[in-house]
C-alpha cells in the first residue's frame, strides 16, 4: 500500500523513530495542567462573551465585535498551522492566552477603538491556541502510548476526554461567578460589571501563568520551519497556500468537513438562538445562567465518558452517531411539537433540551479531536487548523444571520446539517474500514 494508506491505518502504535521519549514517562501531569489552564481562561472569556451583547448594546458594539472576532478567527486559522509549527505548540499556547486577556480588558473601556482591534487580535490568538492545543494533546498522547506500550487510540480518547470534560466546566463556573457578582440585575451597573471583569482578568492571569508549567514536546526545541532546514520564513510563507489547500485534497478531510462545520453551528445555535428564543421566553433572563450550567455540566460528564469509551474508528463512529441522533431529536422537537408552556413543565423542558445539547457537544468535541488525531498523524497542525477554520466560519455565519432569520428557519438549517454531516461521516467510516479489510 502507498503512504496515504499508511495514514488510513491509525490504530497502530507510534514507531520508535517518531519520538525519543524515555520509557515509562508519564504525560498525565501535562494533561491536568493544560486542562485547568484552559478552564481558568475560558470560564472568564466564556462568561464575558455571554454578556457581550448585554453590556455593549450601543450601536450593536457587542454583537459586531463578536462577529469580527469569529471572522478573524476563521481567516487566521488558515495560517495557524504554520505559526504553530514555527513557534512550537507550547509557545503558541502561551501567546494565544494574551488575546483572551486583552479582549476582556478592552471591555473595561468599551468603544470601537478598543473592541475592534481586540477582536481582531483575539481571532489570531484563538486560532493558534486551539491548533496548539490539538497538536500538543495529540503529541503527548502518542508519546504516552509509546512509552507505556498501550493502545494509541485509547490514550488519545482518555486524554481528550479529560481535557474536554474539564474545559466544559467553564460554562458552569463562569455562569456561577457571573450570577454571584451581578445578582439583582447589576449587569447594567458600571461598578458591578467592572468588578466582574477585574475578577475575570485575575483568573485569566492565573491560567496564563499555569500554561508555562506544561513541558515542551520533545523534539520541538529548535524546530525547523515547515519543509526542512533549508526553508526560511519567506519560503514558508510562499508555501502557505499549499499548506491550506493540501488537507482538502484528501478525500477523508472532505468527508469530515460537514461534521467540523456542524460542530461550530450547534455551539453557535446554543449561544445565539437557544438561550434567546427558548430559554428566556420560558424561564426568563435569570434562567439563562441555570440552563447554561446544566448544558456545561452534561457537556463535561459526557466528554469524559465518551473519552473513556474511545478506542478507535469503530467506537468513534458509534458514539458520534448517538450524539448526532440525540441533537437531531431536539431539533425535531422544536420544529414539530415544542410550545412554550407555564408551570413546572415550562421550566423543565428547556433544561432537558440544554442537557441533550450539552451531551451532543461533549461527544463532538472529544470524538472529532480523537478522529483527527488518528487519521492525520502526519499533519496534526493542518488537521486541527481545518477544524477551527470550519468551526469559526460556521459560528460567524450564525452571529451575522441570527438577527435576520426566524428560529424555525435556523432549526431547519440545523436539522439538515446534522443529517448531512452524519451521512458524510458514515461514508468516511465505511471507506476507512474497507481499507483495513483490503489490507488484511
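Cβ coordinates come from backbone N, Cα and C, glycine included.
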According to TrEMBL, transmembrane segment applies to one of these ranges: 6-26, 90-110, 153-173. Which one is it?
153-173
State the non-local partners of the transmembrane segment (278-301) in its own chain: residues 6+ outside its ends, Cβ under 8 Å from one of its Cβ atoms.
50, 164-172, 175-176, 178-179, 270, 334, 338, 340-341, 346-347, 349-351, 353-359, 361-362, 365, 407
Is the transmembrane segment (31-49) in contact with the transmembrane segment (153-173), using at least 3 Cβ pairs under 8 Å (sequence separation of 6 or more) as the test?
yes
Near the transmembrane segment (411-430), which residues from the same chain, at least 6 beyond its ends, have a CB less than 8 A from one of its CBs?
252, 255-259, 261-262, 265-266, 269, 313-314, 317, 320-321, 324-325, 327-328, 331-332, 334-335
